[in-house]
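Participant: Below is a structure I'd like to ask you about.
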Amino acid sequence: MTTEDVIAIRVPTPFAVGDVIVYLVKGDALTLIDAGPNTKEAARALQEQLAAVNVKLSDIEQVVLTHHHADHAGLLDVFSDEIEVIGHTFNEPYISQNQAFMDWQKRFFQKLLPELGVPFDTGKAEKLIRSAYAFSCTRSLTKSIREGMGIDGLEGWSVLEMPGHAESHIVLFHEKSGRMLGGDLLLANSSSNPILEAPKAGDVRSKPLVDYQRSLRRLSQLDPTIVFPGHGEPITSVQALIEKRFDKQRNRTEDVRRMLDEKPMTAFQVCQQLFPAVYEKELFLTMSETAGHLDVLEAEEAITSYWEGNTVYFKTMKR
């Protein structure tokens, strides 16, 4: 396969991140990597750009999801029921909008966010859940993929699990050519936010920033020659960008440690200081990142936590 076999298609989104890039891969099966959000504007842009390379929606044989977020999966609804929908099994409850899972998500965040110190009411949890699905789809996977698998019709591409930004996140790596279809693992012009997710009922929550940093270290070891990302331009200076992302994360983690050196704080209090201008508007994203830095510090045994009533406080360990 050559680089001409991967065709970038720029699809508008209603989100602050801007356009999402989906990829048409002309292998033995005509494959779309991600789909875009479920909007009329996105559907029109996708169809027009496919037509420019003489492809119709009905020609697409399979869609492979890098992860479940609405800007990547929502437009599945415009495809016929006969198309193959392929992705990590963790996509399924999100893209199918499974009601039992959505109810569990609501209960989980109704409990978690107050524990982290967020002034919260039950209506906010419901609104958060609804907003996550606003531009998504109601589809199901036809095939689940996992680490090390290949995909029929995409010879030479391997599935690698890269959780962090989403627990469902995978990339496709073509080792022979060094190319990677990277989803939101690494973006040229913005950081890829690790997002808090509800675990399976009965499980403990994941630690998205810890997972994300592990995925970045793995990406560094793989050392692809080019990453085709889910937003922005293709990335060729992969190692330099990974180090830049780590530098920013280390600096922010150190900021959090210094705050906790001064006094014990809740995660929400830390969030207010880290993101004073945007925490109210982007509460979930900023709390996800704040919780991530606290998870990293706990993993490094730099901080510990304790309960006061129903709220968790964090403090630095004595050095």
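Residue numbers in this text run from 1 along the chain shown.
Cβ from N, Cα, C; glycine included.
So Swiss-Prot lists the following for this protein:
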- His67, His69, His165, Asp184: Zn(2+) 1 binding site (BINDING)
- Asp71, His72, Asp184, His231: Zn(2+) 2 binding site (BINDING)
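Structural setting of the listed features?
Facilitator: According to its DSSP assignment, Asp184 (Zn(2+) 1 binding site) is coil.
Neighbour density for Asp71 (Zn(2+) 2 binding site): within 10 A of its CB lie 29 other CB atoms from the protein chains shown.
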Participant: Output the one of His67, His69, His72, His165 that, of all these binding-site residues, has the highest number of other Cβ atoms within 10 Å of its Cβ.
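Facilitator: Top count of Cβ atoms within 10 Å goes to His72.
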Participant: Name, in the order they occur in the sequence, the residues of the same chain whose CB lies under 8 A from the CB of His231 (Zn(2+) 2 binding site) and which sit 6 or more residues away.
Facilitator: Val17, Gly18, Asp19, Val20, Ile21, Asp184, Leu187, Asn189, Ser190
Participant: Rounded to the nearest angstrom, how far is the Cα of His72 (Zn(2+) 2 binding site) from the Cα of His165 (Zn(2+) 1 binding site)?
Facilitator: 13
Participant: Residues other than His67, His69, His165, Asp184 within 8 Å, Cβ to Cβ centroid, of the Zn(2+) 1 site?
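Facilitator: For the Zn(2+) 1 site the neighbour list reads Thr66, His68, His72, Ala166, Ser168, His169, Gly183, Ser192, Ile195, Gly230.
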Participant: Please work out the number of neighbouring Cβ atoms within 10 Å of the Cβ of Asp184 (Zn(2+) 1 binding site), leaving out its own Cβ.
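Facilitator: That number is 26.
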Participant: Let me know the DSSP-derived helix, strand or coil state of His72 (Zn(2+) 2 binding site), please.
Facilitator: helix
